[in-house]
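**Q** Below is a structure I'd like to ask you about.
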Amino acid sequence: MSATKLTRREQRAQAQHFIDTLEGSAFPNSKRIYITGTHPGVRVPMREIQLSPTLIGGSKEQPQYEENEAIPVYDTSGPYGDPQIAINVQQGLAKLRQPWIDARGDTEELTVRSSDYTKARLADDGLDELRFSGVLTPKRAKAGHRVTQLHYARKGIITPEMEFIAIRENMGRERIRSEVLRHQHPGMSFGARLPENITAEFVRDEVAAGRAIIPANINHPESEPMIIGRNFLVKVNANIGNSAVTSSIEEEVEKLVWSTRWGADTVMDLSTGRYIHETREWILRNSPVPIGTVPIYQALEKVNGIAEDLTWEVFRDTLLEQAEQGVDYFTIHAGVLLRYVPMTAKRLTGIVSRGGSIMAKWCLSHHQENFLYQHFREICEICAAYDVSLSLGDGLRPGSIQDANDEAQFAELHTLGELTKIAWEYDVQVMIEGPGHVPMQMIRRNMTEELEHCHEAPFYTLGPLTTDIAPGYDHFTSGIGAAMIGWFGCAMLCYVTPKEHLGLPNKEDVKQGLITYKIAAHAADLAKGHPGAQIRDNAMSKARFEFRWEDQFNLALDPFTARAYHDETLSQESGKVAHFCSMCGPKFCSMKISQEVRDYAAAQTIEVGMADMSENFRARGGEIYLRKEEA
C-alpha cells in the first residue's frame, strides 16, 4: 500500500510528468534484440537478459570462469522497451503493420466516418485540447472482401502477422545451446497439441481451425501481432479505464504503458466516465498490444446511463465508432437471453457482470429478447469489415463460490457456442469468456464444458477466484484458479488486482495484478509442457545455486522487488557476492552445504579411483609394462 495518498491534482500531474519524460528503457542488465523473418518488416522484439560468468576454479589472482548464455524472453513492452527508440506520446507509435495491411489490397480509406457519434465529437471544437492530434484516417474492407486473419488462414495464406507470431512464440530458444538450460520436464497438456517448434504454418492452421485468434484490427497498425490459443503461451490481459469518479486521460495512458512494461499481452479499456472516445484514441495510438473494449458501457453512457433506453441503433453506431478507431476485440454479452434471467433468481449474488446486468435489465423492461442476440449477424458483418475479434461475454458468470457452475452459467455458455459457429460463417475470430468465482474442485469442468460446447474456441477467464474471504488479496485467490485453468487449457487470463471488489486500481495495483498473473500463466505453461518454458527457471536455479545474486535479480519477473528484499538485510555490496542470504546465514545455507558435499564427493571419487588403481597395480605384480595380452 502507498504511504501517502495523492490528491486528484497530484495524480494527474504525476501522470503528465510520466508521459512528458517517457523514454524507451530496458530492465536491469537486459537488452532489446530483434529476430527477423522472411516477410519484409518482420522484426520480432525480445528482451535478452545478460548473465555473469560462473566461477569454476583457478586462484584468487587468476580465477577461471565459464560464460553463461543470455536468456531471451517474450517482451510485450513494444517500443517502450527499446532504449534506442525516441518516444513521443503526442505523436503515437510507429505503424508497424501498415505496409502489410496496404500490401493485401483489400481495404480502402474512408472519406467520411461511419459513426454519427464520431462525427459529432470531431466537430466539437471544445474537445480540441483533449483530442489526440494525429487522428488516423480509418480503413475498412473493400466491398465484397473480408479482412480477418481467420479469412486469410482459411484461404491458406500465411500473413506477416502469422510469421511474426511463430517467431515470438518460440521465444528465441533456438539460441540456447546449454543442455542444462534446455532440460524440461514432460507436461500434461489435457489434449492440447503443443509442437516442438512453432511454425507460421502451425499458426495459420490453428487460426483456421478457430482454436486461436490474432486480435489485429486494420485500424490499429501500431500493435505487434500476438496470438491467443491453448496451443500457445498462456496470455494475460490487464484492465484499465476511467470512471465517473476518478482517473484522467493522462493516467490511463500511463497505466497502458505501465501494463505493457509489466507483461500485459492485451489491455482492455473499460472506461465509463467522461471523454471515453478521446481517452480510447490516445490509448490506441500509443498501444503496442491489442486493445479490447465492452461497447455496451459506452452505449449506456450515450443514453445517460438508463439501460431501458438502449437501442440497437445506438449500439451499432458505437461498434462502428470503436472499430474505426482501431479496437481489436469487443466483449459482447449476446448470450444473456431473456429465458435465462429467471435462472439467476435463487443465486446468492445474482448477476455480477456489468454488461450482463445491463442486458438483463433491458430484456426484462422490454420483455424482449436480447437485441445483441437478435442482431448478432449484423455485429459479425461489422467485425469482418475491420477484423475486430469477438470476445463472447459471460454475462451470467458466478459472482460467488456458492453460485459456481450453476444452470444459468452453463446455459449461457451453450448459447455462446451457437454464436461462435455463426461468427465463423463470417470469418470473424472468436474467443469465449469464462468465470468468475469457482472453487478448485469445480474448475476443470469449466474448461471441458467450454471445449465441448464452444468447439475449442479460445477460453478467456477472469481468474477464477477460488475463495471469497480475502478482499484486498484477490489477486492471490484468483491467481490460484488462473494457474489451474491455464494448465487445463485456458488461453488467456484476465488479471485481478488487489483492489478487486474494493475500488479502481492505481498504477501499483496494476503491477501487482500483472506479476501475479504472469506467475500463473508461466506456471501453466510449465505444466502444459510448452516448449522452452523451463529455460528461464533453469537459468534462475543455476544462478541461485552459484550465488550469482545479480543474475537472480535480473532473471526475476520483478527485478526491483527481488533486489529490494535482498538489500533490506544485506545492503552492502559484499552481500551481492556472499555465498548465503539472511534467511539461513553463512553456516546454515543449504546450497552452500550442497556445494561442499558435491566437492567432497568429487574428491572422494578421485581418491577411491586412485586406490582401486593402486590395488590393481599391485595385483598384477607391480610391473610397469605388461605384455599386450595381459593389458
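Cβ atoms are placed via backbone N, Cα and C, with glycine included.
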**Q** Name the residue, out of H220, H333, H501, that Swiss-Prot lists for the same substrate site as N239, M268, Y297, S353, R354, G355, D394, G395, L396, R397, E433, Y460, please.
**A** H333
**Q** What is the number of other Cβ atoms found within 10 Å of the Cβ of G395 (substrate binding site)?
**A** 32
**Q** For H501 (Zn(2+) binding site), which of the binding-site residues S353, G355, R397, C589 has the nearest Cα in space?
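**A** Result for H501 (Zn(2+) binding site): the nearest of the binding-site residues is S353.
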**Q** Work out how many Å separate Y460 (substrate binding site) and C589 ([4Fe-4S] cluster binding site) at their Cα atoms, rounded off.
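**A** Here the two Cα atoms lie 43 Å apart.
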**Q** Taking just the CA atoms, what is the gap between R397 (substrate binding site) and H437 (Zn(2+) binding site) in Å?
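**A** Cα-Cα distance, R397 (substrate binding site) to H437 (Zn(2+) binding site): 8 Å.
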**Q** Work out the three-state DSSP category of C589 ([4Fe-4S] cluster binding site).
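**A** DSSP call for C589 ([4Fe-4S] cluster binding site): coil, neither helix nor strand.
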**Q** For the substrate binding residues given in the record (N239, M268, Y297, H333, S353, R354, G355, D394, G395, L396, R397, E433, Y460), what is the largest pairwise C-alpha separation in angstrom?
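**A** Across N239, M268, Y297, H333, S353, R354, G355, D394, G395, L396, R397, E433, Y460, the two farthest Cα atoms sit 20 Å apart.
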**Q** Specify the count of other C-beta atoms within 10 Å of the C-beta of C589 ([4Fe-4S] cluster binding site).
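**A** Cβ-Cβ neighbours of C589 ([4Fe-4S] cluster binding site) within 10 Å number 18.
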**Q** If you draw a 10 Å sphere around the Cβ of R397 (substrate binding site), how many other Cβ atoms fall inside it, taking every protein chain shown into account?
**A** 27
